[in-house]
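Database features, via Swiss-Prot:
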- Ala53, Gln54, Thr55, Gly56, Thr57, Gly58, Lys59, Thr60: ATP binding site (BINDING)
- 398-415: compositional bias 'Basic residues' (COMPBIAS)
- 40-219: domain 'Helicase ATP-binding' (DOMAIN)
- 245-390: domain 'Helicase C-terminal' (DOMAIN)
- 396-415: region 'Disordered' (REGION)
- 9-37: motif 'Q motif' (MOTIF)
- 165-168: motif 'DEAD box' (MOTIF)
Amino acid sequence: MSKTHLTEKKFSDFALYPPIVEVLDSKGFNNCTPIQALTLPTTLAGKDVAGQAQTGTGKTLAFLTATFHHLLTHPAAEGRQTNQPRALIMAPTRELAVQIHSDAEPLAQATGLKMGLAYGGDGYDKQLKVLEAGVDILVGTTGRLIDYTKQNYVNMSAIQVVVLDEADRMFDLGFIKDIRWLFRRMPAAAGRLNMLFSATLSYRVRELAFEHMNNAEYVEVEPLQKTGHRIQEELFYPSNEEKMRLLQTLIEEEWPDRCIIFANTKHRCEDIWGHLAADGHRVGLLTGDVSQKRRLRILEKFTQGALDILVATDVAARGLHIPSVTHVFNYDLPDDCEDYVHRIGRTGRAGESGCSISLACEEYALNLTAIESYIGHQIPVSKYNSDALLTDLPAPKRLTRRRSGAPRHNRKRPG
């Protein structure tokens, strides 16, 4: 981590439950990020907080630290049953829920608190088996949580801590009714520690906090610019005919260690995947049509370095912390300005630098004006020589012929 990303405040400065400090220290977390330094004094005192911070700022560790400390320093409800978790962490997507659960595992192992997962699309019986054994902290998405609650596999009446992560995304995906349904089955707000985190503290997010939290303190961590000052942005204007060749040429020139390519539709993502896989790249595909088991395998391979490139729709643009992503390519400029910020926020995280390259083609160039207005600056434009683009590229693979990719082969440019 870069020192400029951290504050002078140390985790050891707080009166944290000792095993928590030991885990943080073993993982190299000594100094707090701004969102951690600003929220922990409030949450560790048992007071509610609504925090605004972009992804990659350390908010997950902020609420996990507070959650574990609170449970370890406060007794469970008297007469608590096996199906009654003590803490509930709600996330908008299953990928984010899995990520939070993974981040919490070292703390769980060190403290003896039991973790559970509840998300749709996969593993119903496997998740249920863990819940039936009893969990202290339950991480999940609203649909599966409601399912388990309605069948009395989970009872929310002994909840002591509630975390709502990516609250603005919850609104975008239409989950707010589900969240309110779950809140109504918990103890009153005054009897819980409530934490909410969001990329924006809009009126609707503040209204949610007012309804279901107890005089929450609002904490805002604004970046120097919405896109992050460690991200180098670049923009090209390709024709539709040259767009794919330009992408492949840029990948060849940049040779990114680990990159994510975003496109606006699953069909476009499949097309990109086919071209790159045929060209020998170690590339994975992440869209809504990919099964949950395969999505998790792809993310694991990408995180561990078995894949160099991930082609994705915006399903992967929020919440996922994949370390050391060096490049983000916007093959299509997004229709939603916020999606641009969230996409390129996959790189330049936790004090690292990153590179974002966008292609403003004939189809999506009209989105650029709104994006630049939203981020508050113009994206630097670069030019390319059409004659220098790669030409002897293989025909794209069909999606049904998924393979991990063969060794890259040498190519020549014309001239």
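Glycine residues also receive a Cβ, built from the backbone N, Cα and C atoms like all the rest.
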Near-site residues: ATP, ref Ala53, Gln54, Thr55, Gly56, Thr57, Gly58, Lys59, Thr60, CB cutoff 8 A to centroid: Thr33, Ile35, Phe197
With DSSP helix as H/G/I and strand as E/B, how many residues of the motif 'DEAD box' (165-168) fall in helix, strand and coil? 2 helix, 0 strand, 2 coil
State the three-class DSSP label for Gly58 (ATP binding site), counting H, G and I as helix, E and B as strand, and everything else as coil. coil
DSSP tally for the motif 'Q motif' (9-37), helix/strand/coil in that order, comes to 16 helix, 2 strand, 11 coil
Contact set of the motif 'Q motif' (9-37) with the rest of its chain, CB cutoff 8 A exclusive, min separation 6+ beyond the ends, reads 1, 44, 51, 53, 57-59, 61-62, 65, 68-69, 72-73, 106-107, 110-111, 219, 221, 350
Helix, strand and coil residue totals from DSSP for the domain 'Helicase C-terminal' (245-390) stand at 61 helix, 23 strand, 62 coil
Taking the domain 'Helicase C-terminal' (245-390) alone, what is its mean pLDDT? 89
Pick the one among the binding-site residues Gln54, Thr60 whose Cβ has the fewest other Cβ atoms within 10 Å in this structure. Gln54
